[in-house]
Amino acid sequence: MRLEIFCRDRQGLVRELLDLLVARNIDLYGIEIVALERLYLRFSAIAFEEFRSLMAEIRRTPGVTDVRTVTDMPSERERRVLTSLLEAMPEPVLSIDLKGRIELANPAAQTLFGLDEQRMYHSPIGHLIEDRELSHWPESDIVTSVTRHVVIQGRDFLMEILPIYLPGELEQQIQPVGAMIMLKSTARMGHQLQRINMTDNCGFEHIVAASPKMRQLLNQARKLAVHDAPLLITGETGTGKDMLARACHQRSHRHLQPFLALNCASLPDDVAESELFGHAAGAYPNALENKKGFFEQANGARYYLMKSAKCPRVCRPNYSAS
């Protein structure tokens with residue numbers, strides 16, 4: 001059972017409350033004090049009549065303003081929130097003491113190293129992560145956050161070491177009690193940045209239309225963007241054709257695939273066909289190996305051909321067929 005007791009700061013109050021439990025032979029499991037105005041008691045289960053009598057005596061204790069039952073102690077609540085947060089994090093997170101021994105590892109870290117939390121507990125961090133900076137980190141005179149590149153299980157990670165201090169004692173420049181280690185996969189970070197670049201300021205919501213014709217054009221583009229068919233966008237230079245093309249891509253079912261753009265006017269006649277459709281080894285004097293063309297690389301994605309009317313004539317029959 002758990003109680004939350006609201007009280008005024010008075011010397012001897014805690015002793016009197018504990019004496020009430022002792023008088024009833026109630027086992028005390030824990031006590032926590034919060035800001036000198038609230039204290040929490042956790043004790044063994046008792047019968048209802050005895051519990052009602054105990055509550056009445058607590059309320060009569062000088063300095064007590066109220067008492068009620070609660071489901072969690074503050075430390076239990078914080079532990080539950082922390083556990084839920086660590087379990088939800090996709091990045092591996094570990095906590096170590098000053099001797100470099102693992103005290104905590106979230107599920108992502110357990111999966112990365114192929115060990116459960118029980119086997120990882122109190123294991124030296126150096127057995128899992130080979131890094132000289134990490135092994136000497138607690139020994140330095142000034143302990144600060146450290147960011148390092150490490151390779152684990154053949155994968156690249158950005159390792160962040162964050163010192164942990166006792167609450168309220170950071171200003172006194174005392175030694176830390178441990179550190180939190182977060183491992184961020186560089187591959188995953190790259191995918192996230194790619195997704196951000198793909199979606200940032202590229203949707204229809206970022207295009208402002210004032211004239212009725214422009215609003216009509218955007219409504220039509222929204223409808224056509226969901227169809228798996230080529231779109232022809234015409235307009236003067238600088239009117240935002242590429243922005244409209246990206247907005248259509250974001251609305252299409254291929255929005256998770258890359259958006260590739262190519263300026264056809266920049267392709268010289270002698271290399272245009274090779275760049276667009278690729279070539280086999282030996283097709284040209286200096287063609288030593290097979291090369292994928294632009295269209296083959298864009299397979300499954302969305303490609304945007306700028307100034308397609310200026311595409312070299314030699315490519316137009318093949319382009320029409322593609």
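Cβ atoms are placed via backbone N, Cα and C, with glycine included.
Heads up, TrEMBL stuff is auto-annotated, nobody curated it.
Sequence annotations record features per position, and here TrEMBL assigns domain 'ACT' to 2-72.
As annotated by TrEMBL, domain 'PAS' applies to 78-120. A Cβ distance under 8 Å defines the sequence-distant neighbours of the domain 'PAS' (78-120), meaning residues of its chain 6+ beyond its ends; these are 72, 126, 128, 134-135, 138, 152-153, 164, 175-185, 188.
Sequence annotations record features per position, and here TrEMBL assigns domain 'Sigma-54 factor interaction' to 207-312.
For the domain 'PAS' (78-120), the DSSP counts in helix, strand and coil order read 22 helix, 10 strand, 11 coil.
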